[in-house]
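Notes follow once the structure below has been shown.
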Amino acid sequence: MPNMSPVKTPMPEQEPNVRNKNFEEVALGYTDEMAAEEAKRCLNCKNKPCVSGCPVGVRIPEFIQRVAEGDMEGAYQIIKTTNSLPAVCGRVCPQESQCEQKCVRGIKGEPVGIGRLERYVADWHMKHGAPEEFDVKPNGHKVAVIGAGPAGLTCAGDLAAMGYSVTVYEALHTAGGVLMYGIPQFRLPKEIVQKEIDALKEKGVKIKTDMVMGKVLSVDELFEMGFEAVFIGTGAGLPNFMNIPGEGLIGTYSANEFLTRVNLMKAYLDEYDTPIIRPKNVAVVGGGNVAMDAARTAKRLGAENVYIIYRRAEEQMPARKEEIHHAKEEGIIFKLLCNPIAIHGDDDGRVKAIECVEMELGEPDASGRRRPIAKEGSNFEIPVDSVVMAIGNSPNPLIRSTTEGLEANSHGCIVVDDTTMATTREGVYAAGDAVSGAATVILAMGGGKEAARSIDKYIQSKHSK
Amino acid sequence: MFKIVEKRILNDSMTLMAVEAPYIAKKAKAGQFIILRVNEFGERIPLTVADYDREKGTVTIIYQKVGKTTLMLDQLNEGDAILDFIGPLGKATELEGYKNVAVVGGGAGCAIAYPQAKALHGMGAKVDMIAGFRSKDIIILEEEMKAVSDRLIITTDDGSNGNKGFVTDALRKCIEEGAKYDLVIAIGPLVMMRAICNLTKEYNIKTLISMNPIMIDGTGMCGGCRLTVGGKTKFACVDGPDFDGHEVDFDEAIKRSKTYFDLEKEATREYNCRLMEGAKNA
């Protein structure tokens, strides 16, 4: 009998006033009983609308049936056939606009908690699963992957499973990309990312860190070294600033810098040398998931007042509803319909206030959202000692500026064929934020997967000629 | 891990290390830098490439023991390894086409100025090298600098080498005595570079400086190294580290360089105490 409850089985969470002082994970995950109960909400529909909502096509009803039957390992193996990072996706995917949006149960109530179940299965496997055995015959072909983020790791994993010898080159000292430097510990524990990376290494994927490609080795040199194809997944690592006065003041951070200091460089732990300003009052500018991450991180570093400053209304915020909800619960103050026009500093050049102007919404603009217009004379200041700019990132230009024949559009995004992920240069493929501009982990993974398929086709066809 | 193949003490506060990093050695050029991390808990710090040996696959760095990270680095010896060593980063200095150049170095900055002088000398330019130190006993690379310059002037703040004064005084004297420089390269502390730039502005001589701000990744990702150059925001790691010194907002850069001043001082003090404890117990 299916469980006909109209709402998802709730997932336990740390209390807001406890968790906003620590870096432990916010959502605690389902128990076995909760997972079984939620799995029974799935109707196992014949046409599986949820699967079409998943960028990597996870066989959702199949794995949920296994959970309902108590076969967790079986469920894991089903997920693993299409998703190489389930513990990550179960935590950070925007399920509400993907698989869960298409769920039939969502018509008259809440959809099945697909993300929560995926997380449960992946966590179960990490705890209880047998070590995976790989019995893939090497096919003798070498592929290089640039960037060890979600796109690169997915591409590498899929190619390794087909028998390719894959080397991943990463610029930072740790693999994982945005999963390591960007998304905070309390949303995605780094131990989990590390386990997924270790699993890839066991599949034979070689990961070379400290390699800034485009500088230390060029794409041309990779071909000379015997790689038959190159995948570029270099992400959107170039922070945008507003170009308002005061962005050079001490205490003004890009979200990338602020989050990297805390996540990758572990500034929140005493044993690490990484310095960070621990502000009392912080303004985070922006309305996306990164802004929520930065605000909640600032709160955990001990800030008393953390403001999110966003120029439109809450309905237009690009952040996930769940992240906005969590941020509010943790005491983040939302200053909506406000736009910063200057940051003011003291004589030592340290931030002391942010000056904003109130906004109202006018006619819809090119993005379909109502355009915010400044209300004249509505200027006001908020006293802060730190400002974090979380207004988006552009693709990092290092690779495209050092690779001949690689076309990019006016935003700096690498141009690819939508279906094959082939760039304008033969044998070179790209996906993820380097192609789309800042987007989601799962879209990057979907692109990496597509590219792996195309790379396989490309190399096989070259050799069958 | 990156093995240290040579460690040479230059003076009380400055040390040279040659590090095995064949990929970087193959590509490095004068003006570029590397980022290193001594151990898992350490900071990532940028250091200019002082030299490289493409055949041996080594990259030479020169560091001044000023804070915890450099003190920690200094605990390592030949045969030990540095955890992370990343580069070559930044743009190489553009030296083509100059015929008469003054290369000015201040203190540890001489270690970075020297390869520039060497490259220019090798390209056939006339090179005057002006090197400033606090006092005589911390002069480094004197023979090396002499070998690559037409004229080497060493000044000391305290006059202990018999030539008291600042590098600005020496440069002004050279210019007023008729040296017709088509380029001045100034590398050293920010206040020194600012003073040189103020001077060369008077004479309208193009001046290149090398910036070394706080940074993390060195690939343009964090934006922490941003400077205002000609009214525009630039990232030292990818747009530099060399900039037209007459365009740089030094006041802002000097303030930003003090971002973590108190935290650094405290970390260094603590680390020094621990080193002393260790020495006592040894």
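Each residue's number is its place along the chain shown, starting with 1.
Each Cβ is built from the backbone N, Cα and C atoms, and glycine gets one as well.
Automatic, uncurated: that is what TrEMBL annotation is.
The annotation domain 'FAD-binding FR-type' is assigned in TrEMBL to B:1-95. For the domain 'FAD-binding FR-type' (B:1-95), the model gives a mean pLDDT of 95.
Summarising the annotation, TrEMBL assigns FAD binding site to B:Ile62, B:Tyr63, B:Gln64. Look at B:Gln64 (FAD binding site): DSSP puts it in a strand.
As annotated by TrEMBL, [2Fe-2S] cluster binding site applies to B:Cys222, B:Cys225, B:Cys237. DSSP assigns B:Cys225 ([2Fe-2S] cluster binding site) to coil in the three-state reduction, placing it in neither a helix nor a strand. Taking the Cβ of B:Cys225 ([2Fe-2S] cluster binding site) as reference, residues of its chain lying under 8 Å away and at least six apart in sequence are, in sequence order, B:Met211, B:Pro213, B:Ile214, B:Met215, B:Phe235, B:Ala236, B:Cys237.
Listed binding-site residues (B:Ile62, B:Tyr63, B:Cys222) with a CB under 8 Å from any chain A CB: B:Cys222. Counted with DSSP, the domain 'FAD-binding FR-type' (B:1-95) comes out as 13 helix, 44 strand, 38 coil. Neighbours of the FAD site: apart from B:Ile62, B:Tyr63, B:Gln64, residues of the same chain with C-beta atoms within 8 angstroms of the site's C-beta centroid are B:Leu10, B:Ser13, B:Met14, B:Thr15, B:Leu16, B:Leu47, B:Ile61, B:Lys65, B:Thr70, B:Ala108, B:Ala111.
Note: the Cα of B:Gln64 (FAD binding site) and the Cα of B:Cys222 ([2Fe-2S] cluster binding site) are spaced 25 Å from each other. Over all protein chains present, the Cβ of B:Cys222 ([2Fe-2S] cluster binding site) has 29 other Cβ atoms lying within 10 Å. Residue pair B:Cys222 ([2Fe-2S] cluster binding site) / B:Tyr63 (FAD binding site) shows a Cα separation of 24 Å. Cβ neighbour count for B:Tyr63 (FAD binding site) (all protein chains, 10 Å cutoff from its Cβ): 23.
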